[in-house]
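Summarising the annotation, TrEMBL assigns active site, proton donor/acceptor to H326. Residues or ranges marked as active site, nucleophile by TrEMBL: C344. Annotation comment: TrEMBL describes 34-52 as compositional bias 'Low complexity'. Residues or ranges marked as domain 'L,D-TPase catalytic' by TrEMBL: 246-368. TrEMBL lists 18-52 with the feature region 'Disordered'.
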Amino acid sequence: MTTVGLIAGAVLLASGCGRGDDKSPSWQGGPEGAAGASATPSPAPTLSTVSVVSPKADETGVLAIADVKYESEDPDNTSVSVTDPDGKEVKGTLDKDDKVFKPAKALDYDTKYTVTVTGTVAEGKNGTATSTFTTMKKPSKVIRATSFLGDNQTVGVGMPLIVRFNRSIPEGYRDDVERRMTVTATPAQEGTWHWTSPTEVHYRPKVFWKAYSKVFYRVQLAGVPLGNGYYGRTDMTVDLKIGRALVMTVSNKSKKMTVKQDGKVIKTIPVSLGKPSTPSSSGTMVVMEKKEHTVFDTLDELGPEKGYKLPIDYAQRITWSGQFIHAAPWSEGKQGKVNVSHGCVNVSEAMGKWLFGRTMMGDPITVSGTEEKLKNGNGWTDWNMSYEQYKKGSYL
């Protein structure tokens, strides 16, 4: 985190020594003591220093995300407040070990703030150091972060968290970006971020999300330097839910799909996969989008000899390249026996409707035993690699 260093004036506090009646015993060298006895030196007064370290006093152009650092000889009994021009106190957390106050969110641009550090000495006396600083002007070059998911959305156990940027994030800034993106799952689950491109970063847990979990993630990039004179535009939070654990597995060998919900098999469905010339991809994918009725049109891509234009029911996308689960009444006689599709997972009209009514975005599907392996990046392929491999995509 970038902060600007400074040292403001320190305040020294001394314990007072009263000049009232001297009632010390004679052995301490009081007026009733023996003449010529040497006096015992008085203990040194207790001193305490408090000071604002950064931002510097009267500094201008301070980053809106700057922390306030201070010094104190007695941090456990030191308080820090930061106020705006109207006297409203900035919310934040005080780390007494590191002696730093962290604002809960970015400060307002082009605004003067006052820092007050108050320390307490053993005798109960207070000392105060104050300092002011002014934040930077609102930047003209900003990068916006967006989430694919929204508040109160319910998704499947394989759904990665996805944050997209409208401009590339230089590699040297990605570690700081990750530190400012926090994920809180209830119950707690280990996970990590993984950059899929300079403009997109995903997060997944070590294993599929626990069914019925709650997930909250926060992206705090407002005012954060992001390279080449750009700054983060705003902060963002998303609060979502994980649904039941519906997991699909497809075996090319058996030509069947097994559907499990919360660990129990609820349906076995005959399928027809891609024929040898257009094989289905083997790997772990997730449902990315669903369309009850659509049209598959490959005439422009493949030409009139190989292309086709067909109305399709109960389509569920699982790759960017066009692999879907969908109803295919024309291949029902082949399902469970022979692969005849152009790469999609064909099921009957009845099973297509049944499955469509039970799945949601983020439900995982694993296809095995085909002639072609799924390429990472062809869809939300976060589960198509081990967790150890996935962690290598993080900059932390």
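In case you wondered, yes, glycine gets a Cβ from its N, Cα and C as well.
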Quiz item: Under DSSP, is C344 (active site, nucleophile) helix, strand or coil?
Solution: coil
Practice problem: With H, G and I counted as helix, E and B as strand and the rest as coil, say where DSSP puts the residue listed as 'active site, proton donor/acceptor'. | Solution: strand
Quiz prompt | Cβ atoms near the residue listed as 'active site, proton donor/acceptor' (within 10 Å, other residues, all chains) | solution = 24
Quiz item: Looking only at the domain 'L,D-TPase catalytic' (246-368), what is the mean pLDDT?
Solution: 94
Quiz item: Quick one: Cα separation, H326 (active site, proton donor/acceptor) versus C344 (active site, nucleophile), in Å?
Solution: 7
Self-check item: Surrounding CB atoms that lie within 10 Å of the CB of the residue listed as 'active site, nucleophile', all protein chains
Solution: 26
Quiz item: Per DSSP, what is the residue count of the domain 'L,D-TPase catalytic' (246-368) in each of helix, strand and coil?
Solution: 19 helix, 58 strand, 46 coil
